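Below is one structure, written out as structure tokens; comments come after it.
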Amino acid sequence: MLGSKPRVHLYILPCASQQVSTMGDRGTSNHSEMTDFILAGFRVRPELHILLFLLFLFVYAMILLGNVGMMTIIMTDPRLNTPMYFFLGNLSFIDLFYSSVIEPKAMINFWSENKSISFAGCVAQLFLFALLIVTEGFLLAAMAYDRFIAICNPLLYSVQMSTRLCTQLVAGSYFCGCISSVIQTSMTFTLSFCASRAVDHFYCDSRPLQRLSCSDLFIHRMISFSLSCIIILPTIIVIIVSYMYIVSTVLKIHSTEGHKKAFSTCSSHLGVVSVLYGAVFFMYLTPDRFPELSKVASLCYSLVTPMLNPLIYSLRNKDVQEALKKFLEKKNIIL
């Protein structure tokens, strides 16, 4: 018995010292007792915070202007009352919403010394962002299918892409996003957090939160990987197959005007898909030992994509340009 006591004390003391040194004022390893997290943000010199704040402010202003403007144009112009613009309006709403989940808090943290976020706030941020980013992936797949029907079966377009089907596709996208978000959020916050409260990111994301856990992450990562495959593979397959048929059909069109019209809408959609999926793949394939690269990728799909989407669709789409001009003329902005 005497020989076993030192071994017991040697086991207990490092754990206690680790709790004190890494957890600070939290003083517990139980996630249910945790009251907040600290968003570490970017590892830059303090004097660069003002520059980052101005950059985030500019991007967020562009997101608000572009996406609110796009939704307003689509709702006010009868010529844009088509399935494609119904999907585009929902895409603008999603971009506006999920950027608003992240950016305001990130901008506040550039100025505030208190960079904490409440436990409930962190849960809400992860849940909403996961819901909306997955919904956007399914919505982009629905938009690819819409382009496939419009180009490959134009005579049946109004019949096949009915209002009911469009509503079902959008509702299904939100439903899939909600189910995925519930699973991801519940898995993340049932972990035991026994490391620092500091989340090495500018918002609450699942991977940085996993780094704070002392639980066995094998099963968690396997479920996350399976969930990602279930989400990403079907959407990518729908997009790729749709565009294979689209390209095959467009190549059979002999008129130059037909080529331009087909590629103008398709190239806009492909640009949005490329930016979003490219950033997502880059972020999740980046090893954990390079957290700064992961943050850069997160910036692409959380800030850059919502800013670029309205620009991509407006610059490459004559219908949107004409609707915007008509809207501005009504408001007497253009003399």
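A Cβ is built for glycine as well, from the same backbone N, Cα and C atoms used for every other residue.
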Item to complete: Compare the membrane side that Swiss-Prot records for Phe148 with the one it records for Asp288, and say whether they match.
Response: no
Discussion item. Tell me the Cα distance separating Cys122 (disulfide bond) from Asn114 (N-linked glycosylation site), rounded to the nearest angstrom.
Written reply: 15
Worksheet, complete the sentence: Spatial neighbours of the transmembrane segment (223-242) not adjacent in sequence (6+ beyond its ends, CB under 8 Å) are 134, 137-138, 140-141, 144-145, 147-148, 176, 180, 183-184, 187, 206, 273, 277, 280, 284
Worksheet item: Residues sitting near the topological domain 'Cytoplasmic' (72-79): Cβ under 8 Å, six or more positions beyond its termini, same chain?
Response: 85-86, 88-89, 92, 319-320, 322-324, 326-327
Practice prompt. Quick one: give me the count of other CB atoms within 10 A of the CB of Asn114 (N-linked glycosylation site).
Written response: 9
Worksheet, complete the sentence: Tertiary contacts of the transmembrane segment (51-71), defined by C-beta under 8 angstroms and 6+ residue spacing from its ends, are 42, 44, 88-89, 92-93, 95-96, 99, 103-104, 106-107, 110-111, 303-304, 306-307, 309-311, 313-314, 320, 324
Discussion item. Can you give me the average pLDDT across the topological domain 'Cytoplasmic' (316-335), rounded to a whole number?
Written reply: 73
Worksheet item: So which residues does the topological domain 'Cytoplasmic' (243-262) touch in its own chain, when a touch means Cβ under 8 Å and the partner is 6 or more beyond its ends?
Response: 144, 147-148, 151-152, 270
